[in-house]
Each structure stands twice: as structure tokens, then as C-alpha cells.
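Asker: Before I ask anything, let me first share the structure, which is written out below as C-alpha cells.
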Amino acid sequence: MSPDPERTRQAAPGALLGTLVGDALGAPYEGSPPTTTEKARGRLERALARTPRPYTDDTQMALALAQHLLGHPHVDPDALAAAFRDAFEPWRGYGGGMHRIHDAWECGLPTAQAARVAFAEGSLGNGAAMRIAPIGVRWGHDPERLADVAARSAQPTHVHPVGEDGAVVQARAVGRAVARGGFTPQDLAELAEEAATDELARGLAEAASFEWPASLGDPHVAIADRLGHEVLADRSVPTACWVAATSADPGEAMLRALGVGGDTDTIAAMAVAIRGAADGGEAVPGELVDACEGSPQVRAVADELADAALGGDAA
Ligand code: F2R
Ligand code: MG
Ligand code: MG
């Protein structure tokens, strides 16, 4: 299938600015408990009161991956590891394992060995998923290629099957939103069918069938308890997909993710990326975009990625 030009040009800034906004505005609340919609609104207002909001590792790695894709559309894991190494700023709030992998790269360890220095079986954190939106944009029109490229992009840092599957699921979610201009609970059920690991399949299936009577309070508080809101891929990617599928627009996805709490920056980055891809860059509130460090750079790389997606599949 060829990408639709108008859709791709709208979805690219939606997905990448969604990553940025979710990350930068969610970051002050990383580690916070779940809360009501009203209090989540207060979280957002407080974040917007002091700007520009700095982005964290989520956006730093997404930018590095986006730039890598412009030269390596099918991903070269060694070159991608070098791009992550060059972009690395230790104060951006990276995971503990990522600091050790970075040290290993600096010492010249081969990519495959470096990926196992922190955890012998590899990381099952959500770091490969949080940065994946550029792959959804570049390959949303070709789901098979997208899954292969997403798995390759996880290799430098997340070789645990759950860490890798989290990246593939999140890439598929963004890719569906890019290609179709929508993202609904039906997508959650289909993503559950496609998941490679039981952990992701279970979380997505539960997200797809989740029902919650309004009389019992905010559903996002219940979902944080049911599906998780932690740093592990299987405890955050299904939650982010649920937020995206049940929000009317990127602004509502941002609020819901702020209410989910926990790994707030990352759940928001993933959820708003999906919703932004579905609804387009114009749907991401300008007030949120303008509050974030780096928004012109993110917009520019999104446009380049859209050009690359529309320019053909050659390496
Ligand atoms: N790390 C954070 N936030 C922590 C606080 C940061 C602090 N505020 C600061 O400013 O310094 N956020 C970022 O990390 C998450 C993505 O993590 P990633 O890239 O997957 O890293 P890592 O280290 O590989 O995994 C994260 C943690 O998961 C656990 N873990 C992973 N694999 C494991 C395994 N095989 N066995 C056991 N545990 C495993 C560990 O606790 C890792 O530290 C995002 O939230 C991003 O925003
Ligand atoms: Mg972060
Ligand atoms: Mg985080």
C-alpha cells in the first residue's frame, strides 16, 4: 500500500509533537500516583506555568531515531547505537540500564554485547517503545516492514522479548493511526492478536474489553491499577494504547495520561503520539506545543520524515 500524502503530512507532526508534548509536560509528574481528571487538569496547569518545559530521554531518543531513519530507513542497529550514544545527555532522566549501556558503547563494546550489560536477558523497560513514533510515521503504510524495522530499532538497548514486543506494539499502534486516521478500542483487540508475547497480548486484550461504570469514578484511575503504569513495557504500553483509544483528541489523551500517573512522561508520550498521529498535528493544542523545549526542531524532523515516507521505500 502506498502512503496517502495528505494523511502522512498531517500524521507526522501529530505523532512527533505528541511524543514531545506528552514527554515534556508529563515529566514533572513521573512517579506520581494516579489522580482524578480535575486534579490532572491542575497538574497540566502547573506544568504550563513554567515554560519552556524540557524534554527527557523519551524525546531525545525519538529525535535520534527519526534522524537515523532519514539515512537508514530499514535501521542499522550499529549505526543507531552510535546515534543514541552521540545524542545522550545524562541529565535527561534516562533509565539506570541505559547509563550502563552508554558506558559500554563508550568503551567500544559491540552493540549486541552492550545491550546485555545491565540485564543478562536484556531490558524489558519501555525505552524502545517510548521513542518509536518515527517508525510508525515512516512505515505506517507497510505493517510487515514496520514490525521488522521496529524490532531492529530495539536491538541496541532492549533485546528482552517483552522490551522488543513493547516497541513493536507501540509502532504498530502509531502506524495504524497514521494509515487510517483513527484509533479505537477495536485496534486494541487487533493489536492483542498480533502481539508476539503473552505479556503484551494479555494487557492489550484486557484494555480492549475494559468496561467501567462512571459511577465508580475516573476510568483512567482504574486502568492504572488494572493494567499498570510502571516503567516496564508490558505495564505501560497497553495502558498508553488504552488512553489513546478512549480519548477524543490529543488534549484529552494528555489529561488522561497525567491522571494515570506513574511513568507519566512515557505513558503520555506514547498515548499522545498515537492520538496525534490519528488526529493530525493541527489537533495537538498549540498552547501545549509552544510550552515545550525543541518544538520547532521536532516539527522540522517530522516534515522530513513525511517527505521520506512519501518519497519511496528505497534504502
Ligand atoms: N528512568 C526514568 N525515570 C526514573 C527517574 C529518573 C530521574 N527522575 C532522573 O531524572 O534521573 N525514566 C526513563 O526511563 C524509562 C525508560 O527506561 P529504559 O530506557 O527502558 O531503561 P532501562 O534502564 O533499560 O529499564 C528501566 C527499568 O526497568 C527495570 N528493568 C528493565 N529490564 C529489566 C530486567 N530484565 N530485569 C529487571 N528489571 C528490569 C529496571 O528497574 C530499569 O531501571 C522511561 O520512563 C523514561 O522516561
Ligand atoms: Mg523520560
Ligand atoms: Mg518515563
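Just so you know, glycine gets a Cβ as well, placed from its N, Cα and C.
Whatever TrEMBL says is automated annotation, not expert-curated.
Per TrEMBL, Mg(2+) binding site is recorded for T56, D57, D58, D263, D265, T266.
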Asker: If we count other C-beta atoms within 10 Å, could you say which of the binding-site residues T56, T266 has the fewest?
Answerer: T56
Asker: Considering only the binding-site residues D57, D263, D265, T266, which possess a Cβ situated under 6 angstroms from at least one atom of ligand 3?
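Answerer: Only D263, D265, T266 meet the Cβ criterion.
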Asker: How many other Cβ atoms sit within 10 Å of the Cβ of D57 (Mg(2+) binding site)?
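Answerer: Excluding its own Cβ, the number within 10 Å is 26.
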Asker: Let me know how many other Cβ atoms fall within 10 Å of the Cβ of D265 (Mg(2+) binding site).
Answerer: 25
Asker: Show which residues of the chain containing D58 (Mg(2+) binding site), separated from it by at least 6 in sequence, have their CB under 8 Å from its CB.
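Answerer: Long-range Cβ contacts: T19, G22, D23, M130, R131, D265, T266, A269.
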Asker: Could you check which of the binding-site residues T56, D57, D263, D265 have their CB within less than 6 A of ligand 2?
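Answerer: T56, D57, D265, by Cβ distance under 6 Å.
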Asker: Give the helix, strand or coil assignment DSSP yields for D263 (Mg(2+) binding site).
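Answerer: The three-state answer is coil.
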Asker: Would you count the other C-beta atoms found within 10 angstroms of the C-beta of D263 (Mg(2+) binding site) for me?
Answerer: 28
Asker: Determine, for the Mg(2+) site, the additional residues of the same chain whose CB lies within 8 Å of the mean position of the CB atoms of T56, D57, D58, D263, D265, T266; present them in sequence order.
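Answerer: What remains near the Cβ centre is D23, G26, A27, E30, G93, M130, A269.
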Asker: According to DSSP, which kind of secondary structure is D58 (Mg(2+) binding site) found in, if we only use helix, strand and coil?
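Answerer: DSSP assigns D58 (Mg(2+) binding site) to helix.
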